[in-house]
Each structure stands twice: as structure tokens, then as C-alpha cells.
């Protein structure tokens with residue numbers, strides 16, 4: 001029988017699906033390797049008195065089972081220093097990473113960063129097997145890991161943005177962005193397997209996983225549609241005076257897809273990479289960047305401190321607290337999907353974020369005060385808080401970043417996407433560094449004060465989007481007036 005020819009759209013769809021799957025796995029592994037530190041904290045300074053008398057009989061210390069140098073009364077401050085070492089390095093490196101991401105092949109840049117990240121993640125765990133008790137070793141490893149992990153986000157967003165147009169992008173990227181929560185969940189579960197027996201493996205195994213996926217990415221990731229003879233997607237840009245997004249015709253939706261031919265495309269002239277100041281001048285970049293600073297502050301405080309909070313407040317074991325903390329990320333998956341879906345149909349990215357942030361503030365207050373009054377209540381409120389906190393965070397870092405990175409003022413310069421993404425996520429990473437640090441400094445005064453700090457950050461994130469929200473509301477009012485007239 002003669003060979004059956006593939007439909008014309010089968011090739012672009014297969015490459016788009018491959019890009020989604022590979023980038024999903026890549027960033028899942030990034031977060032998988034970040035999560036173990038929050039699970040292992042409770043094992044580095046456990047409640048030794050609950051384990052019985054000191055078997056060494058060399059002192060009556062209540063910290064005989066702790067891992068030096070985290071066996072002192074200042075252990076929370078040291079944990080905050082570990083988190084801050086990673087996150088400050090990540091925030092600083094992110095502003096530089098986008099510039100390199102525009103000028104280097106994304107496949108090499110991404111896979112190289114993943115292999116190095118696997119190395120430094122494993123080195124942290126090897127401190128257990130090498131019996132290292134020097135704080136500076138763990139600090140230096142965290143700094144190096146924070147720097148190399150900046151290769152991830154600008155690269156994966158740029159790859160996805162190269163293959164997908166703007167039609168219903170929020171919903172697609174809302175589902176795709178669940179890699180953050182999936183990585184956190186897997187990281188918690190994997191770290192929980194060895195946290196009580198040999199916590200070093202809680203880092204070594206995730207390090208091996210991210211390095212292995214980086215090698216797979218090197219061999220199979222396709223950066224641009226043009227690399228396989230496909231035309232790039234036409235990025236549809238919707239303004240506030242445009243029609244309702246529901247009324248987009250099938251022909252417009254078709255324009256956001258990619259078409260392929262059997263012959264490779266002629267190489268076109270490469271556009272120049274956008275400057276840092278040029279990216280800041282894109283309307284909305286500053287507002288969403290500052291909003292993400294406070295939204296990510298809240299999200300990363302939960303990421304690094306929620307298991308320890310559950311251990312201290314609900315008196316669970318390290319493994320049980322780690323497993324329960326994954327419910328926050330389950331809510332994050334749902335929140336990212338719903339935020340993307342709602343913003344697609346409403347056309348209001350900023351308004352969707354603002355509403356979720358407004359509702360998140362009282363829910364954080366309720367979780368702190370009544371969330372531990374029963375397992376069912378704790379589960380439900382953790383999921384709701386995760387959805388409301390991570391929904392805006394997911395929407396800004398994916399759909400909003402991709403929208404701004406393909407803004408009409410850029411005139412089709414796809415290379416700007418990496419820089420715009422790095423600026424937005426880099427600014428957010430400043431908040432990600434501040435949140436765990438402030439939690440480490442404030443938590444000795446009581447967990448209530450930590451939650452008041454998180455509520456204040458949510459309110460500030462909402463206020464910073466006020467101008468963009470007003471612009472979106474005026475656009476809706478103008479559309480309704482024209483519809484009536």
C-alpha cells in the first residue's frame with residue numbers, strides 16, 4: 001500500500017505539542033529541585049525531646065539530633081539566610097539571564113542550565129554524606145544554584161511564545177503553568193521519602209532528575225517554527241477599543257497557529273535584541289512587574305515556610321507536613337487554569353488578578369486563625385488559598401509576560417520576549433527573596449505577624465494594578481456603549 005500522507009496541520013500541531021510537553025517537564029524539574037529545602041528544614045532542627053534521651057550521653061542538650069550549624073536558637077534566621085541566598089542570586093541573575101537568552105541558542109542555554117542546576121542541587125545533599133557542618137558551604141551552593149536556575153523561565157516562556165499566538169493564550173498557558181505546582185508537589189513527595197532517614201537523598205535524587213531532563217531537552221527541543229520549515233504564529237494584539245474577545249472569528253483564530261511546508265523557509269534577517277530600557281517602555285511592564293513582586297512574595301513564603309508552619313502549629317511530623325503542604329500547590333494548579341480561562345473570556349488580565357488578590361487577603365487571615373481546627377477545614381482552606389495566591393502569580397508570569405513580550409510596539413520582534421519575561425519575573429523574584437527572609441525574621445515574634453505581612457503584600461499587589469484595571473474597565477464601558485449605539 002502506498003504510504004499515507006499526513007494532514008497539513010499534523011506537523012505543526014505535533015511540534016507545538018512537543019514544545020508544550022518538553023517545556024512543561026523542564027520547568028517542573030526546576031521547581032522539583034527547589035522544593036526539598038522547605039521539607040528538610042524541619043529535619044535539620046527537629047524536636048529532639050520527642051525522640052527520647054540523648055543516645056550519646058555527652059550532654060543534656062535538647063538539640064542533640066539537629067544538624068549543625070542549624071542546632072542553635074537562631075535556626076530560623078539561618079534558614080532564612082539559606083532561602084535568601086538562593087532567591088537574591090536568582091533575582092539578580094534573572095535580569096541578566098534574559099539578555100543572554102536573546103543572544104544564545106535557547107536549547108543550549110536551557111539544557112546547560114538544567115545540568116548545572118542538577119549538580120548544585122546534588123551538592124547540597126552531599127553535605128549530609130560528607131558530614132559538612134559549615135554554613136558557608138550551603139550558602140555558596142545556594143547562590144550558585146540560584147544563578148543557574150535563572151536560565152529556565154525566560155527560555156521556556158520564549159519557546160512557548162514562539163509557537164503560540166495570542167488566541168486563548170491565557171487558558172493554554174494557565175494549564176501549562178501548572179508545572180510550577182506539579183514540580184512543588186513532586187519535590188515534596190520525593191523529598192519526603194528520605195527526609196527522616198537520609199535527608200541528603202532528598203536533594204541528590206531531584207538533582208539527578210533535572211539533569212536528566214536537561215539532556216533530553218538538548219536533543220529534542222525545537223526553539224522556533226522556522227527551524228522545521230514552519231511559519232511563526234501571528235500574534236494577535238487586542239486593545240481596549242477592540243471588540244469583545246468572544247467575537248473573534250475562526251479566521252482570526254487560525255492566524256494564531258503555525259503552518260508548515262515541506263521545504264525549509266528562507267532565512268530572514270534577524271531582528272535586533274531589545275534593550276532593557278526599551279522593554280521597560282512597553283505599556284504595562286512596570287505595573288505588572290511591581291505587582292508580581294508582592295504576589296511572588298506571598299507565594300514563595302508559602303513555598304519555603306508552609307511545612308515548618310504546619311509542624312509548629314498543627315504538630316505534624318516532617319513527612320506529614322510536607323505531604324499536607326502539597327495541597328497548596330493543588331490549589332495553585334486550579335487557580336492558574338481558572339485565572340487564564342477567565343482572563344481569556346473577559347479580556348481583562350489585570351482585573352482578573354486584582355479580584356483574586358482582593359479575595360485572597362481575607363482567606364489568608366481565616367486560614368491562620370481557623371485553618372487548623374480540623375483536617376477537613378485545613379485541606380479545604382489550603383486549596384482555596386493556593387488557588388487565590390498562585391492564580392495571579394501564574395497569570396502574570398505566563399500569559400501577561402507573553403502578551404507584553406509580543407506587544408504591537410515591538411513590530412513582531414520575537415527576540416524581545418525573553419527580555420520582557422526576565423524583567424517581569426526578575427522583579428517578582430525580588431519579592432520571592434524578601435518573603436522568606438521576612439518570614440524568618442518575623443516568625444520568632446509569632447506566626448500571626450507573618451500572615452499580617454502576607455496580607456499587606458496582597459493588598460499592595462492589588463493597588464499597583466489599579467491604573468491598568470481602570471483602563472480595562474473603561475475599555476469595557478466603551479465597548480458596551482458602542483454596542484448599544
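Positions of Cβ are set from backbone N, Cα and C atoms, glycine also.
Caution: TrEMBL annotation is automatic and unverified by curators.
Source: prediction; values computed, not measured.
Features as listed in TrEMBL:
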- 248-260: compositional bias 'Polar residues' (COMPBIAS)
- 22-474: domain 'Major facilitator superfamily (MFS) profile' (DOMAIN)
- 241-270: region 'Disordered' (REGION)
- 78-101: transmembrane segment (TRANSMEM)
- 108-130: transmembrane segment (TRANSMEM)
- 136-164: transmembrane segment (TRANSMEM)
- 176-195: transmembrane segment (TRANSMEM)
- 201-222: transmembrane segment (TRANSMEM)
- 285-306: transmembrane segment (TRANSMEM)
- 326-343: transmembrane segment (TRANSMEM)
- 350-367: transmembrane segment (TRANSMEM)
- 379-404: transmembrane segment (TRANSMEM)
- 416-438: transmembrane segment (TRANSMEM)
- 450-470: transmembrane segment (TRANSMEM)
Going along the chain, which residues at least six beyond the ends of the transmembrane segment (176-195) come within the CB cut-off of under 8 Å?
20, 23-25, 27-36, 38-40, 42-43, 160, 201-203, 205-206, 209, 303, 307, 318-319, 322-323, 325-326, 329-330, 332-333, 336-337, 340, 386, 390, 394, 397-398
Sort out the residues at least 6 away from either end of the transmembrane segment (350-367), same chain, that have Cβ-Cβ distances under 8 Å to it, and list them.
284, 287-288, 291, 295, 298, 335, 339, 342-343, 381-382, 384-385, 388-389, 391-392, 395-396, 451, 454-455, 458-459, 461-462, 465-466, 468-469, 471-473
Averaged pLDDT, computed only over the residues in the domain 'Major facilitator superfamily (MFS) profile' (22-474):
81
